[in-house]
Every structure is written in C-alpha cells, then in structure tokens.
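Colleague: First the structure, then my questions, so here it is.
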Amino acid sequence: VACDHRLHTPMYFFLLNLALLDLGCISTTLPKAMANALWDTRDISYAGCAAQVFFFFFLFSAEYSLLTIMSYDRYVAICKPLHYGTLLGSRACASMAAAAWGTGLLYSLLHTANTFSLPLCQGTAINQFFCEIPHILKLSCSGSYLREFGLIIFSAFIFFGCFVFIVMSYVQIFRAVLRMPSEQGRHKAFSTCLPHLAVLSLFVITSTLAYLKPPSISSPSLDLVVAVLYTVVPPVMNPVIYSMRNQEIKQALRKLFGDKPLRYQ
C-alpha cells in the first residue's frame, strides 16, 4: 500500500493501519506462549504481564475502532459514492485513524492501571496462555475487583454501540447492493463486505463471551478455545481476506517483486 500510488485511497489507508494492528496483536500473545511451550516454562514477570495487558488492550481496542471506521468507509463508498471524496478526504481519514489509535491507548491505560492496582490474594497462577484480565481478576481479593468489573461493563456498552453502528451500516449497504442492476457489481460488493462482517462477528461474539460469560459456564478448555478464537484467528484471517483475495494488492505485489531481474553478486 505504501509503495504503490494506485493504492493511496481511503480503503487501503485503513487496511494499512489494520495490517499494522494485526501484526501487533499477534505479536503480543503468541511469541511468549510459543517460548513457554518450547522451553517448558509457564513464568512471566509481573511487569511483563502488565505490559502484555497494556499492548493487548491497546491494539485490540484500536482494531475494533478501526473496523467500525471501515464499515463507515464501505457504507459511504457503496451508498453515497458521489460524496466519497468529500466525506473521506485525506485529512478526515488521518483524523479517524488517529482517533482509533488514541481510543485504544486511552482504553488500555484505564484497564491496565485499574487491574494492576488490585492486590492479588488468590495465588499467582493464571489459567490461560496469556495475561487475560478476567483471569487476573480471579486472583484478586474478594470485592476489590468490582471497580474493574464496572469498567468492563461500561466498555461493553460502548462496544455494543459500535456494533449496532456497524450492523446498521451493513443493512444500508446490503439494501443498496441488492438494488444494483449489475450482477458483477453485486458480487464485488458482497465479496468485499461479507468477509469483513464475518471476521468482525467472530471477534465480537468470542470477545464478549470471554469477558462477560457467567462463571457457571466457565471451564479451562472453553476459556482456551474462546481466547484463541478472538486473539489469534482474526489477526491471521484479516491478511488472507483483505490481501490474498484482493486483485489490486496482488497486482501491486507482482509489480513490486515480480518485475525485478536477478543479478549476480
């Protein structure tokens, strides 16, 4: 995207930001988990755990904000194409991307500071492959976690509000797509929007289940599966959906790497 001027459009600008966030998301939890598996250890320092929580919340909340912005981008592109250049100019795109990163930073600071100000009275063993806030709260003293739990509930309302906005955007998109006379145009619009909606739905459902499920249905195996589904699958699938299925990015990659002749050293 950065090297090909043909991809300097709002959609690909947001995809570039999404790629950076996905790279950070997958790097926050998996390398440490893989190192623990290779060296047969389960230890993480207290400062390392706090850093992992901070970057995890920062990157994933910024990514969710960016996915919300991307749904608006697709809504304007399909439902109001004549106003696309006006509503999504370079300054507006930069401001929205900065807002997504800034929201993630604020959200992460609040949760990290609140969680690690709690005293741990129930041991130091987190029953997960990374430092996840619900499992850290289980180690805190009885009653001391209510402030963080309240912050999670408040965040869930904002989370749900963004999801409602995304759903309403896609309702308008699908209504506009179904009115298109060209079957090729409908296919292109659905192929762009449906994978976005599928990955987003997986992320929303599994992350909500991870943080708001009742203790009665909690189990180590279920917690592990849910954690993998919302921390690993979306960052892995996004490059497949947005890059490997995208003809314009394929052409840019061929131009960048395929036309250069070999040379002897």
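Placed from the backbone N, Cα and C atoms, the Cβ positions cover glycine too.
Look at TrEMBL and you will find 1-242 tagged as domain 'G-protein coupled receptors family 1 profile'. What TrEMBL lists as transmembrane segment is 12-32, 44-67, 88-110, 149-171, 192-212, 224-244.
Are these features on the surface or tucked inside, and what touches them?
Modeller: For the domain 'G-protein coupled receptors family 1 profile' (1-242), the mean pLDDT of the prediction comes to 83.
Nonlocal intrachain contacts for the transmembrane segment (12-32), taken as residues 6+ away from its ends with a CB within less than 8 angstroms of a stretch CB, comprise 1-2, 44, 48, 52, 55-56, 59-60, 62-63, 66-67, 69-70, 73, 93, 97, 100-101, 129-130, 231-232, 234-236, 238-239, 242, 248-249.
Among residues of the same chain six or more beyond the transmembrane segment (44-67), those with a C-beta under 8 A of the stretch's C-beta atoms are 14, 17-18, 21-22, 24-25, 28-29, 32, 97, 99-101, 103-105, 107-109, 111-112, 115-116, 126, 130-131, 133, 136, 159, 162, 166, 196, 200, 203, 207, 231, 234.
Here the transmembrane segment (88-110) has Cβ contacts under 8 Å with residues 10, 13-14, 17, 53-63, 65-66, 69, 73, 76, 151, 155 of the same chain, all six or more residues outside its ends.
Long-range contacts of the transmembrane segment (149-171) within the same chain, counting only residues at least 6 positions beyond its ends with a Cβ under 8 Å from a Cβ of the stretch, are 64-65, 67-68, 71-72, 74-75, 107, 110-111, 114, 133, 137, 193, 197, 200, 204, 208, 211-212.
Remote same-chain partners of the transmembrane segment (192-212), defined as residues 6 or more beyond its termini with a Cβ less than 8 Å from a stretch Cβ, comprise 60, 64, 67, 70-71, 74, 78, 132-134, 152, 156, 159, 163, 166, 170, 173-174, 177, 223, 226-227, 229-230, 233-234, 237-238, 241-242, 245.
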